Amino acid sequence: MFLTLGIVLGSAWAYYELGWGGWWFWDPVENASFMPWLAGTALLHSLAVTEQRAGFKAWTLLLSICAFSLCLLGTFLVRSGVLVSVHAFASDPARGMFILAFMVLVTGGSLLLFAVRGHRVRSRVNNALWSRESLLLGNNVLLMAAMLVVLLGTLLPLVHKQLGLGSISVGEPFFNTMFSGLMVPFALLLGWGRWCAGAGTGRVKSERCCSPPLVSTLALSVLLPWLFQDRIAAMAVAGMAMACWIGVLAVAEAVQRVSRGARISLSYQGMVAAHLGLAVTITGIAFSQNYSVERDVRMRAGDSVTIHDYRFTFREVRDITGPNYRGGVAIIG
């Protein structure tokens, strides 16, 4: 929760102060906080299965090691000065070496103990292929694959430069392309998993699966882009389909629980809120990527430009004095 809050506050600050815009900038320091978030999300879901059904014990332990190690890696990247970012703190090589040594010691020792004694915590629970637990494990694998994509894109320029191969840049197209391929099956399994029976039966609740939710998803995925825009982009429809699939199934299951009189725990409410938040995030990404318009225009005072039936006029630049800075503000009418 605190890591999520930190990412949101850091993004809000950067996008407001620096005018980055968009939904994610793939800044190296942002990625350093995003990697443990992905591993922690996988750990949170795996831990639920471990507590309720005593399954995935070794996998949960490995995810715990991975999540904490990525926190140390992020601290090293931010504090050592090896990354150039507006989020990075002052460079301190001595502190960076200490953090690196601590990370190697903790991660290496943890993995060594896991290799030696990991067989003692193996689960003996057999899950059917299409059980909720198996689908959750599939989503865990996809989350860790996404984490590896971010790790590769963040560290590759550093490794490439240290090996004397020159400077390279891994930018937004790489991350967006890789994430798009991973998020489609992730969204499918996430929604489907909410409608699967528990471990042992291995059957999907076909009497209420893939009928009303699927029809609602298909209708909303086309209707919403058409309502907000005068054109329908295929990728926007695909993004809305993923968002609606997750959101509709989360709400439908919650409604069914309430109608049956089942107890709605605080953890279940948090799960529904998190899944709805993910659906809203995917919606924002789909609309931002497919319907946003950006133009670079050189203008003088009095010049105007028209973008999608909106006329912008550059009136003047006013000098302002803040508590600890001086700046200029462009007045656009």
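Every residue, even glycine, has its Cβ placed from backbone N, Cα and C.
Database features (TrEMBL):
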- 2-80: domain 'Cytochrome c assembly protein' (DOMAIN)
- 100-330: domain 'Cytochrome c-type biogenesis protein CcmF C-terminal' (DOMAIN)
- 34-51: transmembrane segment (TRANSMEM)
- 58-78: transmembrane segment (TRANSMEM)
- 98-116: transmembrane segment (TRANSMEM)
- 137-158: transmembrane segment (TRANSMEM)
- 178-197: transmembrane segment (TRANSMEM)
- 209-228: transmembrane segment (TRANSMEM)
- 234-254: transmembrane segment (TRANSMEM)
- 266-287: transmembrane segment (TRANSMEM)
Legend entry - Contacting positions for the transmembrane segment (137-158) when only residues 6+ beyond its ends and CB under 8 Å are counted: 26, 28, 31-32, 34-35, 38-39, 41-42, 45-46, 56, 59, 63, 66, 70, 77, 82-83, 127, 167-170, 174-175, 178-179, 182-183, 185-186, 189-190, 193
Legend entry - Number of helical, extended and coil residues in the domain 'Cytochrome c assembly protein' (2-80), per DSSP: 67 helix, 0 strand, 12 coil
Inset, instruction - Calculate the per-residue pLDDT averaged over the domain 'Cytochrome c-type biogenesis protein CcmF C-terminal' (100-330) and state the result as an integer. - result: 83
